[in-house]
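So the structure is just underneath, and the comments pick up after that.
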Number of protein chains: 2
Amino acid sequence: MNDDIGQHIDEMIRQEDSGTRPSGQEAFDDLEPDQIALLLESLPLDAREHAWFQVPVESRADVLVAMRAEPRDSLLRLFDSEALDQLTSSLDAESLIELADSLPDEVVDIALARMDQRQRHYYEQSASYEDTQVGRYVDHELLILPHNSRVRDATRLLRRTVPEHTGHLWLINRTGHLAGAVPVTRLFSAREAQPLSELIDDEIEALNAGLDLKEATDRFELAAVPALPVVTDEGILLGRMTQSLALETLHEHYEAQLMATAGLDEEEDLFAPVMRSSRRRATWLGINLLTAFLASWAIGLFEGTLEQVVALAVLMPVVASMGGIAGSQTLTLIIRGLALGQITTSNVMPLLKKELSVGGLNGVLWAIVIGIVASIWFNSAAIGLVIGLAIVINIAAAALSGVLIPVLLERLKIDPALSGSVILTTVTDVVGFVAFLGLGTLVLL
Amino acid sequence: MNDDIGQHIDEMIRQEDSGTRPSGQEAFDDLEPDQIALLLESLPLDAREHAWFQVPVESRADVLVAMRAEPRDSLLRLFDSEALDQLTSSLDAESLIELADSLPDEVVDIALARMDQRQRHYYEQSASYEDTQVGRYVDHELLILPHNSRVRDATRLLRRTVPEHTGHLWLINRTGHLAGAVPVTRLFSAREAQPLSELIDDEIEALNAGLDLKEATDRFELAAVPALPVVTDEGILLGRMTQSLALETLHEHYEAQLMATAGLDEEEDLFAPVMRSSRRRATWLGINLLTAFLASWAIGLFEGTLEQVVALAVLMPVVASMGGIAGSQTLTLIIRGLALGQITTSNVMPLLKKELSVGGLNGVLWAIVIGIVASIWFNSAAIGLVIGLAIVINIAAAALSGVLIPVLLERLKIDPALSGSVILTTVTDVVGFVAFLGLGTLVLL
């Protein structure tokens, strides 16, 4: 897959550079909408614009749905009213809900007005859930039967067009409540007149539409079924969530986590306009600057000491960096544990004890190594002693913070993956500098 | 799911603390093997050991298979020869291949000797693939028919026990080559005597058994089917890969990436013994120490300057840290792009240009802010000028390294997620210190 895309990217950029613009729309015949979306996201803005007009008109809505919000917006800005008009005429409820935030309100209204009543109803239902909730992404293409149907009713229904991922038929009672799921494969060994209610798969547990999308993917890892039914609080069947959506959700979740560690948004455009990109990144740099100034302030407390023993200034990064690294190891382990639901009030203490022991051992080990190197470098056993002690203190503080910071953030409902690392580094910088320069003041002056 | 596990964790630790040990094995009746595995991983070693003996004997093999390698090994060490004997008697080829690395060779041999010929054949087939390849994890429970079968043959087969995830029947020719996939749902609208070859779903593309597991999950995101067939280079059908495995693979892949950023292994035990854990983390700290000493060495070049202008020592962390943060933003964006296959030879230059522009803008912005703060703090416009210039240089160097380091690592077949960040920080530290202290020497002395 990736190689295909790579070749297309090179081809598009070559066209752009040479100024040749094929007028046809065959360029992407071999690609799925998801792949075209990825390809467009990989192109600089000019080339992206020209590539867009080579996307077959009938795939455009699907391609836009598959794109990340920001690069998608870069394309929607190119739409004149005629193009918007064409787009809205081809959207169903599920596509519109994905694009709604990127479209002007009046365009959404036009699209809604053009839908049939059922699609409009689906749209309003989905829109009543947050974009982190299962209910927003309900798939309405499923085969539903009254709960008192028989096998022959099911086989008759299955003779018509069958939606993708159809592994189950869904039974509802007269009030629309989910009454059970019947695996299609069970129909073969059943009698024509047998009630479907006798073929229900008891292991299918419905997802509440208010459930967090990420938690829903965990259910799929356990359940191993192509789709799960989605119901309201009252148990009314809204539709289903497919395992494919679970896969996509998991992908986006982790990508967002990796991006968040650098203060970036998952929807960020690889080729975002320079001004926009700069403005957004400036915030993260600004937050970091505050913590860096805090570290500087800690150092500033010991200006007098530094003036007399310049070796301390030279060795400062070693103390801060060993604390930062040791702390981020503990932090990462704890963040994973929290994400998996492995960490509870009762095992935080044993964990803290273990991490402090590991930190203690590594602290002593590296304190000896660094102490010896520093003693030789600056020809002073006292400097070796000072940095050794500072390393032990800072690595212990790092282990303590590595456990406690994410646990506290989680309790305050702040995502530790987002801010844990910034807070931790601030702690290890300040503790490291104060310990090192403080001890230096006591021992060396 | 997570809440359930949390309660069990607390209960198990309470039992351990109070010394009460229920002898029964009902404790985990409401949990799936995957959940029991997670629960065991969440317990300190003593409590884990006692909880293990409450796991129903018939679930133990599945629980071990579901566990991460390291906590699993902590349990296997408790097995006496009788327990190992019991375990091996209940393993099929797919479970044995998962456990083989954790078991002594002679135990694997015994387990193999006990299997029937078909399972042994499956084992040897799987073992001939690497643990990153699809072939190793082939699922052999699937419904296979000769390519010239008719609909009535299929319905007859489906009347027997049907494996989970059965969305397709697989057709093979006389030599065992995959001849097509027939969706079960298409059987309903077909005639009894119709050849299955007329019902083949053309969109199912087989996975080569040598394919990388992560790349296979990408195929699932595109294909949206419950299972894909796995074939040898010659096209012989080995079995299938399920979408559930894709979900699990994706989960593990990203977890490994997040752990790797802190030099940790995905298989790491939350409660690893202190000695082992310390030894492993020491390596990462050692690597980091070398880079920290490199930074110290760079500072050491300017000892004379630092002695005369101690303000430079105070402000050093600001320069290094702004470069590190700006660089890691670029790095993270590029690593994502590389993982998605978005970055090719033809768009590296436009990307570099964009990142340098973003870096330039932010460099100038923050250089002004930091310059003003530093001028006021140390009452010296010259210091403000020096740090401002150093910030511009370091953020530009960060943007350059943030693009080039991961692209080069990828070309050298080194995972940029693993080592990109260490190398980048070393560059921004050294460039930052040399620029800042070098300019300080020129301007301030």
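Cβ atoms here come from the backbone N, Cα and C positions, even for glycine.
Keep in mind that TrEMBL annotations are predicted by a computer and have not been checked by a curator.
Feature list (source: TrEMBL):
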- A:1-19: compositional bias 'Basic and acidic residues' (COMPBIAS)
- A:1-28: region 'Disordered' (REGION)
- A:31-134: domain 'Magnesium transporter MgtE intracellular' (DOMAIN)
- A:282-302: transmembrane segment (TRANSMEM)
- A:308-335: transmembrane segment (TRANSMEM)
- A:356-377: transmembrane segment (TRANSMEM)
- A:383-409: transmembrane segment (TRANSMEM)
- A:421-444: transmembrane segment (TRANSMEM)
**Message:** Using a Cβ cut-off under 8 Å, which residues of the same chain at least 6 positions beyond either end of the transmembrane segment (A:383-409) come close to it?
**Reply:** 309, 311-312, 315, 318-320, 322-324, 326-331, 333-335, 338, 343, 348, 351-352, 355-356, 358-360, 362-364, 366-368, 370-375, 415-416, 419-420, 423-424, 427-428, 431-432, 435-436, 439-440, 443-444
**Request:** Output the single range from A:308-335, A:356-377, A:421-444 maximising the number of Cβ pairs under 8 Å to the transmembrane segment (A:282-302).
**Result:** A:421-444
**Complete:** Given the transmembrane segment (A:308-335), its same-chain partners at Cβ distance under 8 Å and 6+ residues beyond its ends are 295, 299, 302, 343, 351, 355, 358-359, 362-363, 366, 370, 374, 377-378, 380, 383, 386-387, 390-391, 394-395, 397-399, 401-403, 405-407, 416-417, 420-421, 424-425, 427-429, 431-433, 435-437, 440, 444-445
**Across the domain 'Magnesium transporter MgtE intracellular' (A:31-134), average pLDDT on the 0 to 100 scale** = 92
